[in-house]
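**Student:** Sharing a structure below in structure tokens format, with a few things to ask.
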Amino acid sequence: MKTYNVAIVGASGAVGQELIKGLENSFFPIKKFVPLASARSAGKKIRAFNKDYEILETTHEVFEKEEIDIAFFSAGGSVSEEFAISASKTALVIDNTSFFRLNKDVPLVVPEINAQEIFNAPLNIIANPNCSTIQMTQILNPLHLHFKIKSVIVSTYQAVSGAGNKGIESLKNELKTALEHLEKDPAIDLNQVLQAGAFAYPIAFNAIAHIDTFKENGYTKEELKMVHETHKIMGVDFPISATCVRVPVLRSHSESLSIAFEKEFDLKEVYEVLKNAPSVVVCDDPSHNLYPTPLKASHTDSVFIGRLRKDLFDKKTLHGFCVADQLRVGAATNALKIALHYIKNA
């Protein structure tokens, strides 16, 4: 079996760490592993494959020098903008950032939906979609193929780790501060003691309807990503409206979906379609309190869907609630599936 020299740009970050775990657990045919990061992190040690590796600085020359075959980028859009083209001259680049996603020469891939696009990459770069988009499309695509979707309204409840390690630390620190003050005074106004960390407002005991920057039309970039990326991945143009909210959950994103079909549908057929969809787990028995939760979805590679029900007033509309680990399903696992499909079929 052929083996590959693999680099991870942003190896010490939240997604980078999940990529390492995924590479270890998938028995990926690695010949050499090269962790890369900024000059600030270069020289530090990182644990992978039961040994310590020295992090190298990300430069334009390092990919050719280290003879990298596959490079995963998970260090932010500005890093991908600066270095991905250089890396793609000698390596297949799988980019976890938003920088290349809507580039017409870069395929945007969810392998369960459009794996064939992996081999339509003239720049030798493949984009990994937004985490919220990945889990949503894995529900929408099988339903669209069977019923034909007319429109979608989605509201997200996104974990702090979607903002990286700084998001995790903000929640931990703010919870500690809040609980210390609540212990002394249960009626205290937390607005007086909490300060914003990684987000626009304190995230502890809060919900913030603001992910990424606001655009002139009132939507955030995160909300528009879900619209435009879904259209590109699925090859559709039906209306999608998204509202994205950050919640004080450590890991796994949740989404409330309202899906309008072109015709009336049989709910039993919906269950059958989703039960047979790849990477989807139907978790739906309200009589036994069985429905998806972020805690249950964490550290798994499935998209969980439940609370499936017809709209009370519109027989063509389906409601549901889906949850997935955004660091795995929404980033690392999807990127690894792209790489595995590539080496299996190249």
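Indices start at 1 and increase along the chain as displayed.
Glycine is treated like the rest: Cβ placed from N, Cα and C.
When I checked Swiss-Prot for this same protein, it listed these features:
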- Ser12, Gly13, Ala14, Val15, Arg40, Ser41, Ser161, Gly162, Gln326: NADP(+) binding site (BINDING)
- Arg101, Lys225: phosphate binding site (BINDING)
- Cys131: active site, acyl-thioester intermediate (ACT_SITE)
- Gln158, Arg246: substrate binding site (BINDING)
- His253: active site, proton acceptor (ACT_SITE)
**Student:** Got a sec? Which of these recorded positions, Ala14, Cys131, has the most Cβ atoms within 10 Å?
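**Tutor:** Buried the deepest by this measure is Cys131.
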**Student:** Fill in the CA-CA distance, Ala14 (NADP(+) binding site) to Cys131 (active site, acyl-thioester intermediate), as an integer in Å.
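**Tutor:** Between the alpha carbons of Ala14 (NADP(+) binding site) and Cys131 (active site, acyl-thioester intermediate) there are 13 Å.
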**Student:** Relative to the Cα of Lys225 (phosphate binding site), which of the recorded positions Arg40, Cys131, Arg246, His253, Gln326 has the closest Cα?
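**Tutor:** Its closest listed neighbour, by Cα, is Cys131.
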**Student:** Enter the number of other CB atoms within 10 angstroms of the CB of the residue listed as 'active site, proton acceptor'.
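**Tutor:** The answer is 29.
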**Student:** NADP(+) site residues Ser12, Gly13, Ala14, Val15, Arg40, Ser41, Ser161, Gly162, Gln326: biggest Cα-Cα distance, Å?
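**Tutor:** Greatest Cα separation within the listed binding residues comes to 27 Å.
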**Student:** Could you measure between Ser161 (NADP(+) binding site) and Arg246 (substrate binding site) for me? Cα positions, answer in whole angstrom.
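**Tutor:** About 10 Å separate the Cα atoms of these two residues.
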**Student:** Give me the CA-CA distance between the residue listed as 'active site, proton acceptor' and Arg40 (NADP(+) binding site), in Å, as a whole number.
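**Tutor:** So the alpha carbons of the residue listed as 'active site, proton acceptor' and Arg40 (NADP(+) binding site) sit roughly 30 Å from each other.
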**Student:** When DSSP states are folded down to helix, strand and coil, where does Arg101 (phosphate binding site) land?
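**Tutor:** The three-state answer is coil.
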**Student:** Helix, strand or coil: which one is Ala14 (NADP(+) binding site) in, per DSSP?
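**Tutor:** In three-state terms, Ala14 (NADP(+) binding site) counts as helix.
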**Student:** Out of Arg101, Cys131, Gln158, Arg246, point to the one nearest Ser12 (NADP(+) binding site) in space (Cα versus Cα); all of them are recorded positions in the record.
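**Tutor:** Nearest candidate: Cys131.
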**Student:** With the cut-off set at 10 Å between Cβ atoms, which of these binding-site residues ends up with the most neighbours? Options: Ser12, Gln158, Ser161, Gln326.
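**Tutor:** Counting Cβ neighbours within 10 Å, the top one is Gln326.
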**Student:** Please report how many Å separate the Cα atom of Arg246 (substrate binding site) from that of Gln326 (NADP(+) binding site), as a whole number.
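**Tutor:** With the alpha carbons as reference points, the distance is 13 Å.
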**Student:** Given the recorded positions Arg101, Cys131, Gln158, which one's Cα is the least distant from that of Gln326 (NADP(+) binding site)?
**Tutor:** Cys131
**Student:** Could you tally the C-beta atoms, other than its own, that fall within 10 angstroms of the C-beta of Arg246 (substrate binding site)?
**Tutor:** 27
**Student:** Closest of the recorded positions to Gln158 (substrate binding site), Cα to Cα, picking from Arg40, Arg101, Cys131?
**Tutor:** Cys131
